[in-house]
Amino acid sequence: MSLIRPNPSILYSEANSSEGADDDDDSEDDEEEEEEEEEKSTWNGRFEFVLSVLGYNIGLGNLLRFPYLCMKNGGGAFLLPYFLFLIVLAVPLYVLEMSVAQYSGMTPIRLFGNIAPVFKGIGWSNVITCFVLNIYYSVVIGWILFYLVNSFYVPLLWSSCKNQWKDANCFEVNRTAPRPEYVTNCSEYQLFDRARKTVTETFYEKYMLDISSGVEQWGGIRWQVFVTLLAAWIIIYLCVFRGIHSFGKVVYLTVLFPYVALTTLLIRGVLLPGSREGILYYLTPDWPRLATLTPWIDAAQQIFWSLGPTWGALIMLASHNRFSNNIYRDAILTPIVCSMTAFLGGFVIFSYLGNMAWKLNTGIDCIFKSGPTMAFIVYPDAFCTFETMYQCLADEFRILKRRQWLSKLIMTIVSLLLGLPMTTNAAHYIYQLMDWYHVTLLSFVALVEVICLAYVYGSQRIRKDVEVMTGIKMTKAWDFYWRIPLLAILAGLLIMTLVSHEAPTYGNYQYPPGAIVFGWVLAATVVIPLPVFAIHSLLQQAYCPPVKYNSKTEAMRTLVTQTEEWYIRIRINSDGLVK
């Protein structure tokens, strides 16, 4: 089947002035087009793209944070704001990012730099987001590998306190020796067991990490953890060193296997004693919680955490689609499928938590604790964020494409070295700080991105782009929603996040002021590129305008208009390939 090419008059009806500039440089454009054609690679099929998006989302955010936030915010009452924000926040952002990415075939830095040069910082913000995520997500992968290796011991090391690393406070959960009475008050439970820890907690804190007394106490490098971190980066490198050609094959395993694993764990979990109470806790709403801001803020932030808009990976993945792919359908269905996967993961976790509560003879809310111990499927996320970071930098610095394997190897080594602090005794504290602060200000990045796409580029043009690619006519209601309600939601979320933000804690441990400052500096790194590149573009055009512009005013106007390269790239991408 041949791809039907769109009418160029439709594509460029709004770009007459740029067409004239393109005609003047035909020979130069032809050379660039040939280079782009050679570099352009697409998914082998729509299924690969959909699986890659699912793999990008089905990970730490969905399988750990989602059930924790459900517990924190009153069980089923959290589901209402979460699925509401799925519709009013995630889906509109997915449609925006994926549509423009597929239409242009560009990765984030190049895309925003060519839509409006003054907004190029959005792309760099995406790169920094992915870079930091890679550092501490790979650490979690290393921890998972550590558990995997130790799972071959018989009996399991975390099944008994009778080990060389045992802690005096370690106790084994045993329903045959229950408490004299059921503890319903968590403060009573914590008073009763203030220093006691289950064997699984002891294994994680004492044997694997040997957690120190605070974030300042690094101690030495835990060689076991370092080896697993090294193994994690080797796996990531082997899966992405050939780009989407190798990555597209890996997702078949890394995405489909979690569904098999979740289903198996769910079947096992619901058969355990106490699982019914756990699932009921998960689904039963605590309606008074909805009258407070916390569940609404947590639900909106979870959208960014679990579905990853404004991280740049969605743009990178969609840029490799064929021009005629039905991106409108994919952009709506994929976040819904990912959220339903998180919903399924909640059943799995709460069935086992119900069983643990049954063994301890206490309530679920007394034992559940946020942490990475259930984050066992983060490979797809790491692949996507690493590939996004590389492709963005390679588009900006073309020399990186000459030796792709070497460039990615260097990036892997640098990321490994930066992750070394999380192989020390302070690993958990550093990890929690990065996890807590890194995405705090992403709503601001999303706000700027929507302004760039909906106002500067134009929401009407995006609807036209979708029609050219898919033949689907989007309703004008999208124009209104992107321009007003979506911006209002993002602005409100940013304000509420800053007003209600609290410092992280780990048990009774309070982080020192220096650690909190580090956290906010980390959060700021995501937004710093926005003003930096905007100011750089303004100064460049104000004091060193290209000679082809007649005035500084004309030069400044180009900062919020599409570049010549944009139209060249659209021409290349819209021609497509014959299947």
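Quick reminder: no glycine exception, Cβ is built from N, Cα and C everywhere.
Per TrEMBL, the disulphide partner of Cys161 among Cys170, Cys186 is Cys170. When other Cβ atoms within 10 Å of the Cβ of Cys161 (disulfide bond) are tallied across all protein chains shown, the result is 18. Each of the recorded positions Cys170, Ser306 was scored by the other Cβ atoms within 10 Å of its Cβ; the lowest score goes to Cys170. Note: the Cα of Cys170 (disulfide bond) and the Cα of Gly55 (Na(+) binding site) are spaced 37 Å from each other. Counting in whole angstrom, Cys161 (disulfide bond) lies 35 from Ser306 (Na(+) binding site) by their C-alpha atoms.
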